[in-house]
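Trainee: The following feature annotations were taken from TrEMBL:
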DOMAIN    69-478  domain 'Major facilitator superfamily (MFS) profile'
TRANSMEM  69-94  transmembrane segment
TRANSMEM  106-124  transmembrane segment
TRANSMEM  136-155  transmembrane segment
TRANSMEM  161-181  transmembrane segment
TRANSMEM  193-217  transmembrane segment
TRANSMEM  229-249  transmembrane segment
TRANSMEM  296-321  transmembrane segment
TRANSMEM  333-354  transmembrane segment
TRANSMEM  361-381  transmembrane segment
TRANSMEM  393-411  transmembrane segment
TRANSMEM  423-444  transmembrane segment
TRANSMEM  456-477  transmembrane segment
Amino acid sequence: MSVLAKNSPLERRIEDVEKDIISVTSGETRPAAGIDAEVADFFASQSQGPVEIDEETDRRLRWMIHKRVLLVMVVTYFAQTLDKGTINFASIMGIVEDTHLVGQQYSWLTTCGIMASLIWEFPTNRLIQRLPIAKYLSFNIAAWGAVLACTAACNNFTGLIIVRTLLGVFECVCQPAFVFLSTMWYRREEQALVIGAFYSMNGFQQCVGGLIAYGVAQIQGQALKNWQILFTMLGCITFVWGIFVGFWLPDSPMRATCFSPEDRLLMAERVRKNETGIQNKEFKWYQVREALTDPVVLSVTLVSFTNGMPTGGLGAFSNLIIKAFGFTTLQTYLLAIAQGAVIMTFLFSAAYLSKRYNQKLLLAIIYTLPNIIGTIIFLTVPTRSDTKVGLLISFYLTMAFGAVSVLNLAVMSNNVAGRTKQVVASSLVFIAWAVGNAVGPQVFRADDAPRYVKAFIAHMVVYAVQVAVLFFLRLYLMRLNVLKRRAAALRESTASGEDKDEHLAHKHAFDDFTDRENPDFRYTY
């Protein structure tokens, strides 16, 4: 085997390519990465190298994981969205009048919880990294269930602000924990469907929440108000579910004693090609710096904001907007069911098409278009008895923001490696989402009711920004892959004369390298 002379032109070209890849976000020399001790011990005791998994075994393992992990994510996210949605249904059950809310105080009930999530997002991501994730998730679910039940005891704005703020603290664990679980248990090509599955509960909540709210609204002559019954019932159910999660959900493949040792090894091996690792509890500052200057991280963060702002406003005011079209309170409840079905259709179709065509960012751009179309119609068509159905359809078109959220989270989970870098990226993305959700209700001004024209104009601006960022991110990831492949091809030709087809060994899959450091990492878009 020939060896290149030191400082030869080809050797210098290899170094230049590698520097080009790294310098895009950092330009600094990285210290050696270190595999998590628990992960290292697990593989040392179980295997001498990568294990091949046949299709039948992979299918069996995937369904075992679904029953233990995906089940928890789906039900928990449903509980979270249902619990958050109670304030929307309570708004037409009399909570505003019973607690003497005036002006923007109702809007602040949504905003305060989101602001609490914003402040607590990074600490909770760090705790997810450090603590057994199943136990930490279980505690938070039970805690927000207890807080939700306490909402029934509130009789003024101050009490409601306190419980909604605590709810924001405990509930903000869900999305970052679930994205982390998806990278720990699922392959990259499966993650969009997994994220879409739990995210679709936003729509299912609209369907079931509308029925539950309608059923509770029929209760008459009781000591408690209808909205108090709703909060108490859902809070108690959530608390019980939180306790169950602590017993049912494994903390990691290494600790999943509910599976055989052989299956635990195979479950860890099936995510080797992700190149994003399983876990690493050490906090590494160089990965923080890389994350804060990485255009990929910054782009998905900006998209999270542009997608979160309409979400926050539409989520809190959807029933009030629909009622303003001239529908009765009962019709508004029932139309919320249709709205939920529309949301689920957008989410599942986006997740399916992402897996079918291996495209995420192009689909995110396409799924932004219904939001734009619906908003334009909503702004230009007046409210009359003969236009209310068309206006309702245009409003439903704006529900496509959920599909973009799923695709954006999949882009983040697929393209950010290094556990500390993932913590920072996840924190930034969900902080941006929280900021967008906090701003969202505030653009729906009381003096602009009931059509809220100014709010929808603001939505048009953020949609335009979103499309531009998505275009940029796709081109940028394509460039990074070109640089990665160019460096890999050069290395192969200097070592053994292999052709330029890639033969990735995935030797660093669990070494806690960032996506920039790992020569085997490839970006998906």
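Heads up, the Cβ atoms here are built off N, Cα and C, so glycines get one too.
Any TrEMBL annotation is an automated prediction that lacks curation.
On this model, are these features tucked inside or out on the surface, and what's nearby?
Mentor: Here the transmembrane segment (136-155) has Cβ contacts under 8 Å with residues 72, 76, 79-80, 83, 86, 98-99, 124, 127-128, 162-164, 166-167, 170-171, 173-174, 177, 224, 227-229, 231-232, 234-243, 245-246, 249 of the same chain, all six or more residues outside its ends.
Panel annotation: around the transmembrane segment (229-249), residues 68-69, 71-72, 75-76, 79, 82-83, 86, 89-90, 93, 134-135, 137-152, 212-213, 216, 219, 222 of the same chain, lying at least six beyond its termini, place a Cβ under 8 Å from a Cβ of the stretch.
Residues 175, 179, 191-192, 195-196, 199-200, 202-203, 300, 303-304, 307-308, 310-311, 314, 318, 321-322, 338-339, 342-343, 346-347, 349-351, 354, 360-361, 363-364, 367-371, 373-375, 377-378, 381, 429, 433, 459, 466, 473, 524-525 of the same chain sit 6 or more residues outside the transmembrane segment (393-411) yet have a Cβ under 8 Å from a Cβ within it.
Same-chain residues lying 6 or more positions outside the transmembrane segment (423-444) and placing a CB less than 8 Å from one of its CB atoms are 104, 107, 110-111, 114-115, 117-118, 121-122, 125-126, 128-129, 172, 175-176, 179-180, 283, 287-288, 291-292, 294, 297-298, 300-302, 304-317, 405, 408-409, 412, 416, 452, 454-455, 458.
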Trainee: Quickly jot the same-chain residues contacting the transmembrane segment (193-217) by Cβ under 8 Å, restricted to those at least six beyond its ends, or write none.
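Mentor: Apart from its flanks, the transmembrane segment (193-217) reaches 70, 73-74, 76-78, 80-82, 85-86, 88-89, 93, 178-179, 182, 186, 226, 229-230, 233-234, 330, 333-337, 339-348, 350-352, 354-355, 399, 402, 405-406, 409-410, 413.
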Trainee: In the same chain, who gets a Cβ under 8 Å from the transmembrane segment (69-94) while lying at least 6 residues past its ends?
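Mentor: Result: 106, 109-110, 113, 137, 141, 144-145, 148, 151, 164, 167, 171, 174, 178, 181-182, 185, 194, 197-199, 201-202, 204-206, 208-210, 212-213, 216-217, 225-227, 230-231, 234-235, 237-238, 241, 245, 248-250, 315-316, 318-320, 323, 329, 332-333.
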Trainee: In the same chain, who gets a Cβ under 8 Å from the transmembrane segment (106-124) while lying at least 6 residues past its ends?
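Mentor: Hits for the transmembrane segment (106-124): 84, 87, 91, 96, 140, 157, 160-161, 164-169, 171-173, 176, 312, 315-316, 423, 427, 430-431, 434-435, 437-438, 441-442, 444, 446.
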Trainee: Give the nonlocal contacts of the transmembrane segment (161-181) in its own chain as ranges (CB under 8 Å, at least six residues past its ends).
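Mentor: Same-chain contacts beyond the ends: 69, 73, 76-77, 80, 83-84, 87, 108-110, 112-117, 120-121, 124-125, 128, 133, 136-137, 140-141, 143-144, 147-148, 150-151, 154, 195, 198, 409, 412-413, 422, 426-427, 430, 433-434.
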